[in-house]
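Below is one structure, written out as structure tokens, with a few remarks after it.
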Amino acid sequence: MSKVRIYTLAKDLGVDNAKMLEILDSLGVSYKSVSSTIEEDTVGLIKEMLAEEAASGTGAATSTDTTEADAAQTPTPQNISSQNTPTQAAPAPATAQSVPQPAVTATAEREPEAPVNTQPELPHRAPVVTIMGHVDHGKTSLLDYIRKTKVAAKEAGGITQHVGAFEARTSKGKIVFIDTPGHEAFTTIRARGANVADIAIIVIAADDSLMPQTREAIAHAQAAKVPMLVAVNKIDLPQADPERVKTDLTTLNLVPEEYGGDTIVVPVSARTGEGVEDLLEYISLTAELEDLRADPKGSFSGVVIESRVDRQAGVLATVMVQEGTLHVGDFLVVGEGYGKIKAMTDSNGGRIKEAGPSTPVQVLGFSEAPASGEKVVSAKNEHAAREVIAQRASDRRDAENARTQRKKTLEEMMGPLGETRTVNLILRADTQGSLEAIQGILAKKETEDVKLNVLLAGIGSPTEGDVLLASTAEATILCFNVTASGGVKKVADTKGIELGTFRIIYELIDEVDRLIKGNLEPVFEERYLGRAEVRMVIRHPKSGNIAGSYVTDGMLRRNAKAKVTRGKQVVYEGTIVGLKRFKDDVREVQTGYECGINLDWNDVQEGDIIEASEMVEVEQA
Ligand SMILES: Nc1nc2c(ncn2[C@@H]2O[C@H](COP(=O)(O)OP(=O)(O)OP(=O)(O)O)[C@@H](O)[C@H]2O)c(=O)[nH]1
């Protein structure tokens, strides 16, 4: 029995995706997304339903979106298919969809009036897409192909400067591509707390399948919780084996739709262009499901994609507008610096005066090059910009002071107690065999309370990218038989990332055990401090009997735990409540010194041995 993809069917029948899903729900048909497939039989039922509704004038084909744009149209099935372009009027929110809406028809006399959603909706914005994958799998070629075919010829012509992002025009609207392939850019941006990409395309060469950087790219996208699409590239090659890629993906728990999962896998060729249209269509579909919106009238915020210093022009920074609208003349604050926009160009080099959400713009006006991933906000005027910067500088100083070696509490590390916790790990090992062995053991360690989440299991030394991933995902990096370079260690240090290196698998596993235990309660350990011999008992009118002693080993400390042995027998366990050297109260007494010990116990005798210890919290990995 053949199957039909939901969104294709919706398109063919001229209903929008939301409506189609509503029909499927009413028929009790299960699906994962609009890109899932349904049985041919169901298609017949849907057609019948639509025909009946159309005949009874209930506007079956009418979108549940009761926007002005829809209302202005005569609702024929053809003119209401939803296209997620940024200029399109926004569909009604989910809550409005669940309210039965009278049909919108060409005859306006129908009563009562349809309940109109008075809350103005934010308009849709174009998706921002990043392309990641293993070296040589075709990321750049794919971006080049899209740029060549989807950026208007006159715009693409001439010398297009690389600005870090470009806008593609597709039949489904604008899609913005981050033009720096690879996950370094993605992670660098995320490491500064910003999220630029809405969708990640993982490119996998059909003749090579999963490679270490493919796994890394997937881990990065998953850590960022960014929806992923897999583009299996180079399908034009005779040795291409897209099926193998799909099977291999299942080993990472990414089950392609064809296999009953929800991972969209699109075969493409960046060389011939085959499948690229499909890929773009899937991007638009994913964007539609993500329901990406932004307020062009709101206050501006954006993120620096990249920046460089041009010898003639000065600092040129590419900023992605995320909210609001940017205008020439606006004051921008980045980190602890600011600038006034002297000029602005779009990603094709054309001068522009303003730019709304999901628009990458090159800005001239910063005095220093801001770093990728820095967040940008605007200020009313220069004075306001300076005020923001002064506040930031003072906040930073406070944070630096507060950070001085403050240990994170368990709750901060693991989330609230009493819930299932996740320990995020990045594993690095010398061979695939070791990795598998470690993962095999770890799989058995999971409990109801603690989940072990291996974000990335890679062969070879940990990279700076791993540290960035660890810092954004709050993960611990564990290395087996590989060590981090000095540079990577330094980055880990500055970011406060735990990076453990082990030569014995079970030591690594012990470390994981400690991490797991750390989830449950703090672990304390009794640590031996020292020992003293009682040489005489001094009777004190107020404090009771004081043990005049000589410290024979280590040291004694006030408030330490005390154990008194007489011969082989433990005769008392308590606390050292007072410690004196001659007449003075002291905190500690070292080996070789005499002291008076008050145990708040009167039966101490000459010859007793007082052993001191204290409870210390065991460092939680
Ligand atoms: N036959 C074929 N070759 C391709 C295709 N896509 C890319 N290539 C070739 O594969 C090689 C690598 O392509 P790139 O686009 O540079 O790959 P990349 O992933 O950007 O590589 P890095 O930037 O080094 O990470 C080049 O020689 C491309 O010509 C394709 O669809 N079919």
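Glycine too: its Cβ is placed from the backbone N, Cα and C atoms.
Here the structure is a predicted model, which means the values were calculated and not measured.
Feature list (source: TrEMBL):
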{"type": "COMPBIAS", "residues": "56-78", "note": "compositional bias 'Low complexity'"}
{"type": "COMPBIAS", "residues": "85-104", "note": "compositional bias 'Low complexity'"}
{"type": "DOMAIN", "residues": "124-297", "note": "domain 'Tr-type G'"}
{"type": "REGION", "residues": "127-275", "note": "region 'G-domain'"}
{"type": "BINDING", "residues": "133-140, 179-183, 233-236", "note": "GTP binding site"}
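Features recorded in TrEMBL, as mapped to the structure shown.
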residue	record	DSSP (3 states)
Gly133	GTP binding site	strand
Lys139	GTP binding site	helix
Thr180	GTP binding site	coil
Ile235	GTP binding site	coil
Residues in the region 'G-domain' (127-275) grouped by DSSP into helix, strand and remaining coil: 49 helix, 36 strand, 64 coil
Close-lying binding-site residues around ligand 1 among Asp136, Lys139, Thr180, Ile235, where CB distance stays under 6 Å: Asp136, Lys139
The one of Gly133, Asp136, Lys139, Thr180, Ile235 whose CB sees the fewest other CB atoms within 10 Å, among these binding-site residues: Asp136
